[in-house]
Amino acid sequence: MHRSVLIAFDFDHTIVNDNTDIVVRKLLPNEKLPDSVKDLYRSNGWTTYMGKIFELLHNNSIDIKQIKTAINNIPPVPGIDNLLKELHSRGYEIIIISDSNMLFISEWLKSKNLNYVITETFTNPAKIDNDGVIKLDMYHVQNSCKLSTVNLCKGQILEDYIKKRNDEGVHFDRIAYVGDGKNDLCPILRLSERDVAFPRKDYTLMKMLDHAENNQIPKINARVFPWSDGVQILKILEKEIGFSQISL
């Protein structure tokens, strides 16, 4: 059986230094949203809400080219682009698990010549219809994980991927998860003592972990290393964890 190392990344505020959905929403004139649209988020979740945002963008003559330009102009988190290339060159298997959408993620990765380093991306499907409107679907519908949104349980996605690769003859000696937000808690809770979790400093996930007892967070088995840029992550992987060149 082939042995490898898996590194899973969130996307917004982890690979890109912003929230892709918010960047696109800001293209609306004065970001004026009817109360009916705001209510969608409260009642039906973010995916339904963003679907309506995409309709409003179209109604305001903001086309796909403008949207793609806004996405492509988002800078990477400092050092993350070089980190991804370095990890890929060493033989690490890299996946993205994100509550953004496939259109935004694939567009940004291609614009930065990073699409080749990602083995697989798990996110909400998105397509452009004949009228030029972005249509968004949920990645899945789940109600078993209370830590996650109905459309995306990152922990389940991670576990399913590990099992799939194991069935294909690839066993991961160690797993690392890099993220920043509330929905990144579930996957790091599923890591083992051999694995590592990277919560971004000063972001929601790190703040939750800093007050784990108050937040009633179960024990995290993985070692936790806060980070603020890609250089820090690489140094931790190299020196403190002992990750090095992977034999292919």
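Any Cβ shown, glycine's included, is placed from N, Cα and C.
Summarising the annotation, TrEMBL assigns active site, nucleophile to ASP10. The annotation active site, proton donor is assigned in TrEMBL to ASP12. The Mg(2+) binding site annotation in TrEMBL covers ASP10, ASP12, ASP180. Annotated substrate binding site per TrEMBL: ASP21, ASP99, in sequence order.
Cα-Cα distance from the residue listed as 'active site, proton donor' to ASP21 (substrate binding site): 9 Å (rounded to the nearest whole number).
Highest local Cβ density among the recorded positions ASP10, ASP180 belongs to ASP10, counted as other Cβ atoms within 10 Å over all protein chains shown. What surrounds the Mg(2+) site, by Cβ distance within 8 Å of the Cβ centroid and not counting ASP10, ASP12, ASP180, is the set PHE11, HIS13, THR14, ILE15, SER98, GLY179, GLY181, ASP184, ARG200, TYR203 from the same chain.
For the pair formed by the residue listed as 'active site, nucleophile' and ASP21 (substrate binding site), distance between Cα atoms is given as 14 Å, rounded to the nearest Å.
In three-state terms derived from DSSP, ASP99 (substrate binding site) belongs to an extended strand segment.
Residue pair ASP99 (substrate binding site) / ASP180 (Mg(2+) binding site) shows a Cα separation of 12 Å. Rounded to a whole number, the C-alpha distance linking ASP21 (substrate binding site) with ASP180 (Mg(2+) binding site) is 16 angstrom.
Counting every protein chain shown, the number of other Cβ atoms lying within 10 Å of the Cβ of ASP21 (substrate binding site) is 20. DSSP gives ASP12 (active site, proton donor) a strand state.
Comparing the recorded positions ASP12, ASP99 by how many other C-beta atoms lie within 10 angstroms of each C-beta, the top residue is ASP99.
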